[in-house]
Every structure is written in structure tokens, then in C-alpha cells.
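Q: Let me begin by handing over the structure; questions about it come next.
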Amino acid sequence: MAETVQTRSVEPLLRERAAGAGPAQVAGEHGSLIGYLPVGFPDLSGSVDAVVAMAEHGVDVIELGVPYSDPVMDGPVIQRATTAAIDGGFRVADVFRAIEAIRSRVDVPVLVMSYWNLVLQHGVDAYARDLAQAGGSGLITPDLIPDEGEAWIAAAEAHGLDRVFLAAPTSSDERLERISAVSRGFVYVVSTMGVTGARSEVDARAGRLTARLRAVTDRPLAVGLGISRPDQVRDVLGYADGAIVGSAFVRALADGGADAVAELAARLATGKTQG
């Protein structure tokens, strides 16, 4: 593992961009575009190239997915990609190698999204240490609730990492307050119940859930699940601080490689301009 790289929270960046004052932010832009791709698809170097292409064409924060054999929250597009990565020999250590490679080429914060069992298998503190040393900004844990996350919260705090928990439309107000209190970086607003995947419309519950969260926290809020078009990015950034795009990027990579990812990123980035 390389020597420690200074980690940085994505929270200040999301706040600055929401206010139109982010570094090198284009005039008229509002909010952040967050792009997801899995490590190791189509292979390790190919996934790094695709992430770099996203960052060079308007994606502000990277969400790096960790392939898992039982991805219960992932839709078919992401499942096919992560299965291919596993079949190609993916190992958890590849995540940290990928982050190092990405950060050596582009100045973009990288969050990892991982199912909790993989973190446990690696060792909670060891995972936090390795993630921080690689230059990662933090971890999104889709299947870990704050009440069961004491070990991760402590490890993330010790290593200066963001910890992003998910808020769902079914969450009570008390649960939303707890999620917001222990999250750092942003709160991941799940726009609809079910698995990931592009949809023709972003669920209207996303706006209502964001409003409920605004009532209990000033933490940045980013909406995910179902976003695939510039107009959807624009709509979401009208009430949230970040718009998360996953399946659409994975499909672009599968169909057209890094060039297609770059083209999609540039197109989606136009949605950051309001009006």
C-alpha cells in the first residue's frame, strides 16, 4: 500500500457547489453530479479509465462500487457488470489500487460503495485504514443502518473518512434525524423503493423525502436511484445538493467503453445549469 494520502470530505465541496461557489465551477451551475461505476468492469484498468473519463467531463464526485456476489439492492445492469468483474478475478484489494490510480490522474474525491459483509471480511479498522491510505474520501454503506454501525462510525472517525448512510421514503422522522446525525459527507436520499436502475421519471417521493430531511439537518443531500437524463439531473438539483447516476453510466461503459462514458457525463453535466 502506498504511503498515506491526505483524505478530504466531500461535504465542503457539495456545500460550495450548491451555493454556486465551487472550485472551477461553471457560471450558472448549481449542485453536484455524482457518478457510479464498479471496480473491475470491464477490467481493473478499464474501470479506472472510465472513472477518469467521468471526472474529466463534468462528474464532481466518484462513487466506486465494490462487486459482491449477492447484490440485493442492485438492478440487472449493475449486477451483470459486477458479476463480470468477479468472474474476471476481482479482489477487494483492487478497490484501493483503483483509487490510487484514479487519484494519480484526476483531482476528484472518490467514495466507495460497498455491502457491509465485505468490510467485515476485510476488518473494519483495516478497511478504513486502507481506504484512507489509498486517498479515498469515505464509504457509502447501503445495507448498514446507523444503529448497527458503531464500529464503522468509530473507524471512519479515526481515519478521517466520510460515512454516508441511506435514507428511504419509509424512514420515520426519528430515523431520518439519526441517519443525518451520524452521516458525514452527505445523506444518500433513496428516491424510490426497490433495486437500482434508470427510470423514465424520478419518483416524486424523492422531493418529499428531501424536504423531510431539510427539516432535521443541514447536511448535504444527494438523490440516487433512477436518474439517467440531464432534465432529471436538473430537476433533482432544484431541491437537492447532489444527483447520483449509476446504471446509465454502467450501461454506457458496457455498450461503448470510456468514450461513451465521457459523452454521457458531458451530457448529464448540462443538467447542473438551472433554468
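Each Cβ is built from the backbone N, Cα and C atoms, and glycine gets one as well.
All annotation found in TrEMBL is predicted automatically rather than curated by experts.
Per TrEMBL, active site, proton acceptor is recorded for GLU63, ASP74.
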Q: Determine the Cβ neighbour count for GLU63 (active site, proton acceptor): the number of other Cβ atoms within 10 Å of its Cβ.
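A: I get 26 for this one.
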Q: In whole Å, how far is ASP74 (active site, proton acceptor) from GLU63 (active site, proton acceptor) when you measure between their Cα atoms?
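A: About 14 Å separates the two Cα atoms.
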